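As written in TrEMBL, here are the features:
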- 332-342: compositional bias 'Low complexity' (COMPBIAS)
- 351-360: compositional bias 'Acidic residues' (COMPBIAS)
- 325-360: region 'Disordered' (REGION)
- 12-32: transmembrane segment (TRANSMEM)
- 59-81: transmembrane segment (TRANSMEM)
- 87-106: transmembrane segment (TRANSMEM)
- 152-173: transmembrane segment (TRANSMEM)
- 180-204: transmembrane segment (TRANSMEM)
- 219-237: transmembrane segment (TRANSMEM)
- 249-270: transmembrane segment (TRANSMEM)
- 276-298: transmembrane segment (TRANSMEM)
Amino acid sequence: MGAVGQPPGFSVGLGLGLALCSGAFIGASFVLKKKALLRLCRRGRDRAGQGGHAYLREWLWWAGLLCMGVGEAANFAAYAFAPATLVTPLGALSVLVSAVLSSIFLNEQLNVYGKVGCLLSILGSTVMVIHAPQEEEVSSLESMAEKLKEPGFIVFAVCVLLSSLLLILVAGPRYGQSNVLVYVLVCSAIGSLSVSCVKGLGIALKELFSGKPVLREPLGWVLLLCLLLCISIQINYLNKALDIFDASVVTPIYYVLFTTAVMMCSAILFKEWQHMVLGNIISTISGFLTIVCGIFLLHAFRDLPLSPDLLPLFLQQGRAELHSPWRSTGTQQPWQHQPLLPQEDKRSQSAEEEEEGENT
């Protein structure tokens, strides 16, 4: 799937580079959109979580949308050059960027647990990139059409659409304001279908640049319309989730669910796991679970401060000794020369020993 005159590794490397840029822009877009929604909330405008669309008049929201557009464009190109399971895990970079920028510009807490979670996300993504499965070769729209007609993908697409409708029509009005998973699940499920559309359009663009009459093929236009519809749904419900919940919560959960959905869709559509050895399968799953653990640390303990009371007892004792008065007065003896027990404890212990001696 590499470009003409370029080695295969060049195509994959270009795809990974575009994926890194995509993660940076998308992570920044989350923060810009959240900043715009907070400004609307302070002004008392109609909130997106309540069905309002006043954010369309905010330039900061449009700046976030522009960043997301650039990120999605880079992501689009990355999917055209590299397999989906190589590109999607690098979305952890957007989680890291969003968490760091949220702590700076939105005053959302990023404690040591969040920093460890970011590190675990990056390490897990690296493991997944190294051991990711290779997709089955799809080099033309005809072969892409054959893939889309397979029963496994049709069943998957129907399940995604039905579950999304249930979330939108049933779960959304009841639990959308209190449960972050409702709107994020809609974005993730629809996003898995958008990745399939992106892969097909990438193939169509390659054929177009090679001189083939792609514009006469109806599949390319169908994929384009489906992609626009999926993106519109994702933007709408992602805005609702960001308006109700913190960006540091929405972003990691969206990443985990979106990555899971894309991996399932790619495995069904392109049969990426069919020719993998056991070691790569275990490494890929382990890398993804590492990312999930990192994402959990990133948002589950975001409000838990690392105070001295949470340290182990021996560290608390050492900390108390460092700040004890003897350092300033110099009247206390060094700890090497101090008795192991206080004087009161020594007197009580000697009295107990005398009583035992009298009883015997």
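Every residue, even glycine, has its Cβ placed from backbone N, Cα and C.
TrEMBL does not curate its annotations; it predicts them automatically.
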For the transmembrane segment (249-270) against the transmembrane segment (59-81), do we get 3 or more Cβ-Cβ pairs below 8 Å once near-sequence pairs (under 6 apart) are dropped? no
When each of 12-32, 87-106, 152-173, 180-204 is checked against the transmembrane segment (59-81) for Cβ pairs under 8 Å, which one has the most? 12-32
